[in-house]
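K.L.:
For Glu466, the entry in Swiss-Prot reads active site, with the evidence type sequence analysis. As annotated by Swiss-Prot, disulfide bond applies to Cys42-Cys93, Cys117-Cys157, Cys139-Cys187, Cys240-Cys308, Cys243-Cys287. Look at Swiss-Prot and you will find 27-109 tagged as domain 'Ig-like C2-type 1'. Taken from Swiss-Prot, the feature domain 'Ig-like C2-type 2' applies to 120-203. Marked as N-linked glycosylation site by Swiss-Prot on the basis of sequence analysis: Asn60, Asn101, Asn107, Asn146, Asn176, Asn194, Asn225, Asn259, Asn278. As annotated by Swiss-Prot, phosphoserine applies to Ser442. Residues annotated as signal peptide in Swiss-Prot: 1-26. Per Swiss-Prot, topological domain 'Extracellular' is recorded for 27-332, and the stated evidence type is sequence analysis. The feature topological domain 'Cytoplasmic' is assigned by Swiss-Prot to 356-567, with sequence analysis given as support.
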Amino acid sequence: MIDRQRMGLWALAILTLPMYLTVTEGSKSSWGLENEALIVRCPQRGRSTYPVEWYYSDTNESIPTQKRNRIFVSRDRLKFLPARVEDSGIYACVIRSPNLNKTGYLNVTIHKKPPSCNIPDYLMYSTVRGSDKNFKITCPTIDLYNWTAPVQWFKNCKALQEPRFRAHRSYLFIDNVTHDDEGDYTCQFTHAENGTNYIVTATRSFTVEEKGFSMFPVITNPPYNHTMEVEIGKPASIACSACFGKGSHFLADVLWQINKTVVGNFGEARIQEEEGRNESSSNDMDCLTSVLRITGVTEKDLSLEYDCLALNLHGMIRHTIRLRRKQPIDHRSIYYIVAGCSLLLMFINVLVIVLKVFWIEVALFWRDIVTPYKTRNDGKLYDAYIIYPRVFRGSAAGTHSVEYFVHHTLPDVLENKCGYKLCIYGRDLLPGQDAATVVESSIQNSRRQVFVLAPHMMHSKEFAYEQEIALHSALIQNNSKVILIEMEPLGEASRLQVGDLQDSLQHLVKIQGTIKWREDHVADKQSLSSKFWKHVRYQMPVPERASKTASVAAPLSGKACLDLKHF
């Protein structure tokens, strides 16, 4: 009797247990941004139509349903209008049915808005990947809200304005998708509740995936009918690489054969084949590589054929290579090449040094060889106009040496020996002409302006006028070049003071320097091989090599310079 009563009690308990059983399962995480609307759904909702109750998990306090509260329950949804950072926590939802209670937990985290455009990963929804030419992105969680169009879209925090971006309902359509369209896309919409509008934003990444394709195998290595050099007794490695398209490939493989026999059946332990490994080529093609390794090359290996095979569902391709003995390096030839290059480099360095030291001599020699009879059609009458300080009453003794240098030394060398035409003030006289006009015309018709600089030159008014005209022609009009000859006296006290010269003349002295004439330094004052005359000839134009008679007579002709005694 007692056993029957116990059995009845157990049966009653088993029958009534489902009425009071509560199933605790299901948990989910959700997040939102501060001062935005956040609506979450009970994880245990499913298709149930039974009422849902929400609780604060830490206090078991029931969350009200009145809409006047900032946090309230609406059917199976929990609304935060707006959400705040202190709302973060775990919330429990209970679905009560006549036979079973289901409890779910929701971990809600409210974050502050990022100060910059860089959105952290924990605020990103699932990444969207697309490969179609035209693609659409869905705004996440928008179906939970009471929103009205339009939805605003942003890419990397910048509003989308191009016509190929089209917003329709909760979607963003992108036409002609390219890799430039990859990035973070944010949708922004408005949730309306009790006459108040709340902003909601959601961000997800978009990446472009190109569609894969399969093609006939293409062997990229080794080349067709290639011959590889190896050393006897040394190890050797040969790679067989082939590309099959993009994406996953079914039944694609690369392998080696030796004399039309697979490596595993060839029977040589020295020769092993590594399994194919996946690689990507420079154009993003999917490729496979298999490496044939020979631990020690023998003479027998040189007579074998090695086939690189690539095959897939499209077909098979084969590249055959052979091995040959590597020729030893001819060290003697290398020594000869290194020695020859070293000698050539030394010769070039010596040549550069010689040219730098003897550049003027080389240039003068080149003139004599290459242009011995050069003619000019520039319309100039003279090769040089000589500008020098005149003799006047009370002049220093050095003035007379300048006069002798200008009227005797210069013509003897430059006119009689070199064939130049000089225009020298005071050498010839054509009366009845205006002095200033004739000086200016003579300077304009000269290819060089030779300044003879002396310590007493500042006392010569004629020198100052000619200097002005000549510098204007050389520096302003770029009509001629200037040669500066400095007369060095024997005493140190009467040297030329450059600071006393005109600014333009000081500039020329600083830039190109002067050619110094000192009588005690020159043994043969008219020798063309002296350093002074080499420098003068180098700066003079290339002379016309007319007959010596013509060269001497030229200064005495009607085109010679004028005697401007009363300048």
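Placed from the backbone N, Cα and C atoms, the Cβ positions cover glycine too.
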K.L.:
Specify the count of other C-beta atoms within 10 Å of the C-beta of Asn146 (N-linked glycosylation site).
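P.N.:
The answer is 11.
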K.L.:
Can you tell me how the residues of the domain 'Ig-like C2-type 1' (27-109) break down into helix, strand and coil by DSSP?
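P.N.:
Here the numbers are 3 helix, 42 strand, 38 coil.
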K.L.:
Given the glycosylation sites Asn60, Asn107, Asn225, Asn278, which one is most crowded in terms of C-beta atoms within 10 angstroms?
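P.N.:
Selected residue: Asn107.
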K.L.:
In the domain 'Ig-like C2-type 2' (120-203), how many residues does DSSP assign to helix, to strand and to coil?
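P.N.:
Secondary-structure breakdown of the domain 'Ig-like C2-type 2' (120-203): 9 helix, 49 strand, 26 coil.
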K.L.:
Taking DSSP as the reference, which of helix, strand or coil describes Cys117 (disulfide bond)?
P.N.:
coil
K.L.:
Can you grab the distance from Asn259 (N-linked glycosylation site) over to Cys139 (disulfide bond)? Cα atoms, rounded to a whole Å.
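P.N.:
Cα of Asn259 (N-linked glycosylation site) to Cα of Cys139 (disulfide bond) measures 62 Å after rounding.
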K.L.:
What is the separation, in Å, between the Cα atoms of Cys157 (disulfide bond) and Cys287 (disulfide bond)?
P.N.:
38
K.L.:
Out of Cys187, Asn194, Asn225, Glu466, which of these recorded positions is nearest Asn60 (N-linked glycosylation site) by C-alpha distance?
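P.N.:
Looking at Cα distances from Asn60 (N-linked glycosylation site), the smallest one goes to Asn194.
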K.L.:
Asn278 (N-linked glycosylation site): which of the recorded positions Asn107, Asn146, Cys187, Asn194, Cys287, Glu466 have a C-alpha within 10 angstroms of it?
P.N.:
Cys287
K.L.:
Going by a 10 angstroms cut-off between Cβ atoms, which of the disulfide-bonded residues Cys93, Cys157, Cys187, Cys240, Cys243 has the sparsest surroundings?
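P.N.:
Comparing Cβ neighbours within 10 Å for the disulfide-bonded residues Cys93, Cys157, Cys187, Cys240, Cys243, Cys157 has the fewest.
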K.L.:
Return the residues near Cys308 (disulfide bond) by Cβ distance under 8 Å, restricted to its own chain and a separation of at least 6 in sequence.
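P.N.:
Result: Ile219, Asn221, Pro222, Ile238, Cys240, Ala242, Val254, Trp256, Ser290, Arg318, His319, Thr320, Ile321.
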K.L.:
Nearest by CA distance to Asn146 (N-linked glycosylation site): which of the recorded positions is it, out of Cys117, Cys187, Asn225, Ser442?
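P.N.:
Smallest Cα separation from Asn146 (N-linked glycosylation site) among Cys117, Cys187, Asn225, Ser442: Cys187.
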K.L.:
Which one is it: of the recorded positions Asn101, Cys117, Asn176, Cys187, Cys243, whose Cα lies the shortest distance from the Cα of the residue listed as 'active site'?
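P.N.:
Of all the candidates listed, Cys117 is nearest in space.
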K.L.:
Count the Cβ atoms, other than its own, that fall within 10 Å of the Cβ of the residue listed as 'active site', considering every protein chain shown.
P.N.:
26
